[in-house]
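> Before I ask anything, let me first share the structure, which is written out below as structure tokens.
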């Protein structure tokens, strides 16, 4: 496909936009790992803004290309040249970003961030310029705009920014550069070959090799800045040695005999094919162990990646385990570390490559190794909520109670992710269910207050201490009852869960020194009172104001609480601090239904503390109360008493009774009989 075709150009736009999005995500992730006061935060934010702008400009450029009525050839060439270079630099810069670690940023990283942001801004300005040129409907106008002083300045600015980032030493554009070798020089700069045996194929020689390339903008000789766009991708465009291409093809197909023959015929085992791949890289990609063994035996170099990963870890990353075994045979270590000290196994763990890590462990890799920040690598797997990776590491001896850099154990890290599956696994393997969070308080406390019921249940099933408190030592039972942390039904469920798992129903709050049941009867939800009582809460306690549980509940007219307390055997005749019994209060209120309820549960009307209230009832001549209490005078039958108590309408001419002590007919209703 023509590299300057509209299809090719729009494809480049899409690729640049995609790389910008990927780099933006990586940059934001790095910022999250930094302290807000870190000087690099501002630099990363600047890069993030520039990446977002470049993504927008690349998308707009793609739209402009699709909408353009005409595009001159010179404009096509300029677009192809600048966008190809941009795409390659974006790819290399992304690799550099992914290799950064928040805790190890140095001066070279600062330089890279500054240079990278400059490149992004300059390239974005160039794309805006191209968009404006594409809007011109005449080719002559487009070429005139390209050749204008303003156009030349924008293009030169972008070329300079690209050259700066490519030559800064912070990024590498191909594996040769990563290994420290020099990139391929343009043909007109190569030293003449004197040894014909080592001479390149004749098709690399051109009679016009010394002719300087023309600038696609104005047709004149390129400036040094313009020629950089060709130099930057020279390694990608260099024509391959046909023997190398044949060797790579034989390697990929696993034709070991052919591989051996080509090596013996002098094929360059470290050369590159038309895709820029070495024979060994082809063996790695296709997982051809036999071919890899032949190449290594012949002295092939297995190069380190731009991320600093040695060949063995590149192979396991790709899933090429057969080639990985060959590399181990040739001395590659599964426990190798980067120059920074970071163990290489950290990278497949970070990327979630379970099969790769399993291969490394089965070949002797250590699992209890630490990252540069001093935390075990298993912490990374927990932070990424990779249950299978964590299971694998635990199966091979990783410490289930390892901590992160803040001192939080794995199970706390898992709780921050709200990962019930991870928490379950860690508990099964012996993690401490009473682990504490960074802010104080156990994770059970936070699970309850954050309504993470399933996590709370899992912790309690695994023997978490239910007698938990908040960071101020206030019991969780008190907080649930008093402060409405949850909805009523949720509160009852959680209290039941805690009590079922051993929480003391007689827990005392630290502020008032009162049992939690005292707080429960002060709240409207009688189901909480019932849960405490059915789990054995002591009812012989006093409220802060000296009432018993029953006398308080009667005082506040909470009949549901009274019923629950009576059903669970609360002291029916217990005298409170005001020398009152439940019955004396009911009688003083002339509350027939409450009196009946109390009598049915064993209230003693003969108790000394009830005499004043009974005398009051007698004074009211409330025989119904007296009969209920068994204190009525005379031997009348119940039926006779009922007949006597039926109100009768007086005759029209009848006189009202003269007894001044008889209450008016409506007194009973007014007095509370209902």
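Note that Cβ sites are derived from N, Cα and C of the backbone, with glycine treated the same way.
All annotation found in TrEMBL is predicted automatically rather than curated by experts.
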> Taking 121-172, 173-224, 225-276 as the choices, which stretch does TrEMBL tie to region 'Disordered'?
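TrEMBL lists region 'Disordered' for residues 173-224.
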> Are there residues at least six beyond either end of the repeat 'ANK' (439-471) with Cβ under 8 Å to its Cβ atoms? List them, or say none.
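That would be 411-412, 415, 418, 420, 423-424, 427, 433, 479-480, 485-486, 490, 493-494, 497-499, 501-504, 507.
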> I'd like to know the mean pLDDT over the repeat 'ANK' (373-405).
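PLDDT averaged over the stretch: 94.
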> Pull the DSSP breakdown for the repeat 'ANK' (578-610) and write it out as helix, strand, coil residue counts.
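Split by secondary structure, the repeat 'ANK' (578-610) comes out as 19 helix, 0 strand, 14 coil.
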